[in-house]
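This report concerns only the one structure given below.
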Amino acid sequence: MKIADNTEHVCVSVKVWLCICSIGILLMVLVGGITRLTHSGLSITEWNPVIGIFPPVSEKEWIAEKMKYMSTPEFKCLNFNITFQEFKKLYLIEYFHRLLGRIVGLIFLLPFLYFTYKKKLNKNLIVNFIIICVLILFQGVMGWLMVKSGLIDRPHVSHYRLTAHLLLALLIFYLLWRQFLSAVILNVTCNLKINNTLIFYVISILIVIQITFGSLVAGLNAGLLHKTVPFLEGRFMLEDLLFMKPLWSNIFDNPITVQFIHEVIAVLILVIVSATLLILRLNFFPSYLLLVCLLIQLTFGILTFIYNVPIALASLHQVTAFILFAINTYLLHCVKLLKLQHVKFVS
């Protein structure tokens, strides 16, 4: 997918729309995290894209929904003592998550159709937005496939499908945010002591990998492990990191290994970002914003782990990862523009 270069003629309303859509994705990530952390995701056992807009109203409808839930592994194994009011609470959280997904989808689709009809979008933009539209539709399908994995024989969703669901949200967010940056920031006047984009590509890749392992940590409940993993009683527990067979399966299926990799990548990103700012002396506010956001993200992560994954901290930890990715994407965009403008880099 090629981001439109000819953005001088993008009207203000399109720019505002792209910004709103990007914020909408962040809100979806936040609400999705809350839905997972409150264990609400499996309370709605059917996928009804149209009639699912309407929640149960009468007592009879609520009883019917709970009867469906009572046939799920989650109810049979974990929530067999759940009260009717507790079920309603879980149901409404998941309902709001799905409703918000529909709203965000319409916020993207309806203005897109309007702007296309009014010929406010060039051909390249139209193609880009069609791709995003398809990805949004697929995200809805992916969300249901994730939920479905927890309705068969296990009281929890597949951590692979959970990760795919989050990464697809990241891809959609990236495409919207990148298109917004291309429409709004047409030139850069600052001086940066850097003449290539490699370092920011490396940081972007590491953030994506970190988000991937963060999702695996969530899906495997690795954040609830003992607080000194993988260092117990002053010794390195290699046997805990590599006990699964085949060995490579530890990378994705062993909670201790997944949590350890998540921690190592966090330190690696901190070292690279700090070194980039110190060595290159990037006198550019967004570069310092990147470091500040990273430190906040690390703080959220550490506190989330220490305090047994509280909902507020864990939700903020997840959405801050997307914000960190957005800031780095902004820096990458600025460096690319500087190269295109043939700006002479100075110390």
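Along the chain as shown, the residues are counted starting at 1.
A Cβ is built for glycine as well, from the same backbone N, Cα and C atoms used for every other residue.
Among the features that Swiss-Prot reports, heme binding site is placed at His262, His317, with the record citing sequence analysis. Look at Swiss-Prot and you will find 14-34, 95-115, 125-145, 166-186, 198-218, 260-280, 289-309, 311-331 tagged as transmembrane segment.
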Seminar exercise, completed: Sequence-distant contacts of the transmembrane segment (95-115), meaning Cβ under 8 Å and at least 6 residues beyond its ends, amount to 13-14, 17, 20-21, 24-25, 27-28, 31-32, 34-35, 40-41, 44, 49, 52-53, 55, 121, 129, 132-133, 136-137, 139-140, 143
Problem set entry | Chain-internal residues near His262 (heme binding site), provided their CB is under 8 angstroms and they sit 6+ positions away | Gln210, Phe213, Gly214, Leu216, Val217, Ala222
Exercise. Which listed stretch (14-34, 125-145, 166-186, 260-280, 311-331) has the most C-beta pairs under 8 A with the transmembrane segment (198-218)?
Worked result: 260-280
For this session: Output the single range from 125-145, 166-186, 260-280, 289-309, 311-331 maximising the number of Cβ pairs under 8 Å to the transmembrane segment (14-34).
Result: 166-186
Problem set entry | Contact call for the transmembrane segment (166-186) and the transmembrane segment (311-331): at least 3 Cβ pairs under 8 Å, seq gap 6+ | yes
Problem set entry | Spatial neighbours of the transmembrane segment (289-309) far in sequence, C-beta under 8 Å, 6+ residues away | 37, 223-224, 227, 266, 269-270, 273-274, 277, 316-317, 320-321, 323-324, 327-328, 331
For this session: Around the Cβ of His317 (heme binding site), how many other Cβ atoms lie within 10 Å? Please give the count over every shown protein chain.
Result: 24
